[in-house]
Amino acid sequence: MIKNPHYDVVYGDPGEHPYLDFTDVDIRIPMFAYLSREKRPGYDHNKKAGAMNAMVRASAILSNGAFMLNFDCDHYIYNCQAIREAMCYMLDRGGDRICYIQFPQRFEGIDPSDRYANHNTVFFDGNMRALDGLQGPMYVGTGCLFRRYAVYGFDPPRAAEYHGIYGQTKLPVTNPAEPDEQDRDNVRRFGKSKLFVDSIAVAEYQGRPLQDHPSVLNGRPPGALLAPRPPLDAATVAESVAVISCWYEDATEWGQRVGWIYGSVTEDVVTGYRMHNRGWRSVYCITRRDAFRGTAPINLTDRLHQVLRWATGSVEIFFSRNNAILASRRLKFLQRLAYLNVGIYPFTSLFLIMYCLLPALSLFSGQFIVATLDPTFLCYLLLITITLMLLCLLEVKWSGIGLEEWWRNEQFWVIGGTSAHLAAVLQGLLKVGAGIEISFTLTAKAAAEDDDDPFAELYLVKWTSLFIPPLAIIGINIIALVVGVSRAVYAEIPQYSKLLGGGFFSFWVLAHYYPFAKGLMGRRGRTPTVVYVWAGLISITVSLLWITISPPDDRITQGGINV
């Protein structure tokens, strides 16, 4: 740990460095502490959420900064001015009700075509911007500046103004608790560290907006924080070590109502949801120069495992008390719908798989998907098509991306929806119904070993069970196309209209799986034998099952008479 610097400005001496002039430069080094929480057998470490809570407590005793910046280990600061820009939101008028500032995620090292939609531009530049117009964007786990006081589980100032759908219902203010009762409540919520409890009020005051305007109701005068901070002594450092011990959180509300919330693999979404549920707001900050940059898994297997972890966390949220249906009245109506969508979207995989198989079933049976093309159905189909086209144009306009990148997002939505999302639904149901815990592999961040090709990792083929559903859909649609063409060629009266209808939709399904098939081919078109074995077995099994259910008719129709 580097000790806290002196509060007076320290300038460099002339001639101190042979090449750089530090005469008018403040050469103080900020305090830096490397923190590692204690781990012992028999104690639940609570993964990332437990590490974040331990860091919150230790930093409150060491520095007690009013704002905390959180980003993953594979990210780095790309724009140092972005932190100041985010703090301006919280220190401006009305900023006392902002709990965090979320920045978009930007990635490096991704292949130029972005085969597996790692940039996720439609979400970060479209959906998150739309949430910024509501109660605020959700917390995505990295690139976020928090108000320390909001992390402690307190309500925002003037929280009574935020009840009801329209924010007009006000509740009576309760009387403050007695001092002794307040001390017991602090111990129950935050633990037995008196230094930590005493730091809460200081952090709340430091994070208030600047009271330089009559409309600022909960501010502080400029210059109120210029008081010198005493240097850290041995007792203070020992207390910071004590609050990161594995037993400190016992019989407290850490992970339940205070700090990062436990019990979900997507603790970031749950933590942000709890803050919005208490009435806080958040802001989405897009800087002209990217605030942070990081790496993303460009390998197909690692990307699907990442999507599986996110989707499984969403299923857990849907079956938990963090479901937006059970939210308080402080959560706005549209914000409630947005969080409800977070828990529902993995279940769309069931309908997506059905839609991907319908064209193949149409070709197998020789019947079109719709029995009769009446004007009512055609008008309905035209209306749906126009609506989807307008939605696509809106996403492209808001996100500022080209059609190719938008098409990559659509392709991976189908790939992930029929593989990772389906597995997440099954795993979530197993955890909720049978209590079977699910273990996840952290996203691989290792760089490729091939110096000649920076995207060598893109061509690696690592088998996973998530490949089975997409392979089955691809195989079934290919076999269905062959069956449909054979029926049209050898029929007495070829019905090419049904072949074109079913073949078009089946080809449309295969077009969405093109990046998946390309990823299985690797660098030189080599595919593991197990891929062919699984695809062949599943395709043949489904084909035989269909023949058993609906055997071909050996009667020949001539002139309307069955022979």
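Cβ from N, Cα, C; glycine included.
Automated prediction, rather than curation, is the source of TrEMBL annotations.
Here is what TrEMBL records for this protein:
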| type | residues | note |
| --- | --- | --- |
| BINDING | LYS47 | UDP-alpha-D-glucose binding site |
| BINDING | LYS48, ASP72 | Mn(2+) binding site |
| TRANSMEM | 338-363 | transmembrane segment |
| TRANSMEM | 375-394 | transmembrane segment |
| TRANSMEM | 466-490 | transmembrane segment |
| TRANSMEM | 496-517 | transmembrane segment |
| TRANSMEM | 529-549 | transmembrane segment |
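Cα of ASP72 (Mn(2+) binding site) to Cα of the residue listed as 'UDP-alpha-D-glucose binding site': a distance of 13 Å.
Listed by sequence, the residues of this chain that lie at least six past the ends of the transmembrane segment (496-517) yet keep a Cβ under 8 A from its Cβ atoms are 115-116, 300, 356, 358-360, 362-363, 366-369, 408, 410-412, 414-415, 470, 473-474, 477-478, 480-481, 484-485, 487-488. Its own atom aside, the Cβ of ASP72 (Mn(2+) binding site) has 16 Cβ atoms within 10 angstroms in the protein chains shown. The Cβ of the residue listed as 'UDP-alpha-D-glucose binding site' has GLU267 as same-chain neighbours under 8 Å, each 6 or more residues away in sequence. Within 10 Å of the C-beta atom of LYS48 (Mn(2+) binding site) sit 15 other C-beta atoms, taking all shown protein chains into account.
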